[in-house]
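Annotated features in Swiss-Prot:
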- 7: active site (ACT_SITE)
- 162, 165, 168: Na(+) binding site (BINDING)
């Protein structure tokens, strides 16, 4: 059976703003099933952003588990991420889930994997998914050579990834913290 492919998620932090965005394409084999999927959401009373790459049903399960950890640990992002990673790695059912989560608040960006990894980026951006390397390269170039805010860097870098990666499109959703008046 063919598997669902593709997604690009990018998080960028600059000057007190964090932006997390993703494309909208869902692909099965060589066929685009949907072009406007929403892979980014707000959690914990709107104070945490999360995006996923991988199997959609698996990601929703992980969103629920992560939000439960956020509630349990009063919104502490790093502690909640570590606890989810431990649960994800040790639980026989969760271990089979195929997704990556990128989570962020205004202080931290983290990627969580099913192998128990909780990764904080070296620079103020993090990208995952099939177009992740393209979005990361574009985002880093924009971060280092322009004064654009985080949300505009995220939007533009994801558009560039959508132009290069066949599993990524230009239907971009960007969420920001703190919230801006005009969301992409």
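Heads up, the Cβ atoms here are built off N, Cα and C, so glycines get one too.
Sequence features, as recorded in Swiss-Prot, placed on the structure.
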residue : record             : DSSP class
7       : active site        : coil
162     : Na(+) binding site : helix
168     : Na(+) binding site : coil
Residue pair residue 168 (Na(+) binding site), residue 7 (active site) - Cα distance, angstrom, rounded: 6
Check: same-chain CB within 8 A of Na(+) site center, minus 162, 165, 168: 6, 8, 23, 25, 130, 131, 134, 135, 158, 161, 163, 164, 166, 167, 169, 170
Close in space, distant in sequence - residue 165 (Na(+) binding site), Cβ under 8 Å, 6 or more apart: 6, 8, 130, 131, 134
Chain-internal residues near the residue listed as 'active site', provided their CB is under 8 angstroms and they sit 6+ positions away: 22, 23, 25, 26, 39, 52, 53, 54, 128, 129, 130, 131, 167, 168
Residues near residue 162 (Na(+) binding site) in space but at least six apart in sequence (CB under 8 A): 8, 23, 131, 168, 169, 170, 172
